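See below for the structure under consideration.
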Amino acid sequence: MSKELTAKKRAALNRLKTVRGHLDGIVRMLESDAYCVDVMKQISAVQSSLERANRVMLHNHLETCFSTAVLDGHGQAAIEELIDAVKFTPALTGPHARLGGAAVGESATEEPMPDASNM
């Protein structure tokens with residue numbers, strides 16, 4: 001695999017960097033004894049963002065490593081590896097799983113993550 005990040009990996013990396021900053025804001029909220037419900041909302045926003053990053057990585061894996069493995073005759077092993085990777089990921093396998101849509105650009109209706117640093 002190439003050392004250069006794919007567009008999807010860059011998107012996931014950028015999202016994770018945003019999450020890191022958001023988590024720092026949540027820590028500050030807790031340290032300043034912020035209202036519990038406000039903290040819970042921010043934690044939910046981070047969880048949602050992590051789930052989106054995971055979906056982006058799934059799309060990337062399917063388009064790169066997985067497809068290469070299938071073309072190279074290692075399809076069954078690739079399928080087993082993928083099943084093992086997602087079986088404990090409710091956002092990918094649960095009743096509300098959203099695997100479709102724009103993985104990199106995100107949908108136009110998606111709301112941006114609130115900025116916890118201003119809380």
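These residue numbers are counts, starting from 1, taken along the chain as shown.
Note: Cβ is positioned from N, Cα and C throughout, glycine not excepted.
Sequence-distant contacts of Cys36 (Cu cation binding site), defined as residues of its own chain at least six apart whose C-beta falls under 8 angstroms from its C-beta, are absent. For Cys36, His61, Cys65, the entry in Swiss-Prot reads Cu cation binding site, with the evidence type experimental evidence.
Residues annotated as region 'Disordered' in Swiss-Prot: 99-119.
The 10 Å shell around the Cβ of His61 (Cu cation binding site) contains 19 further Cβ atoms across the protein chains shown.
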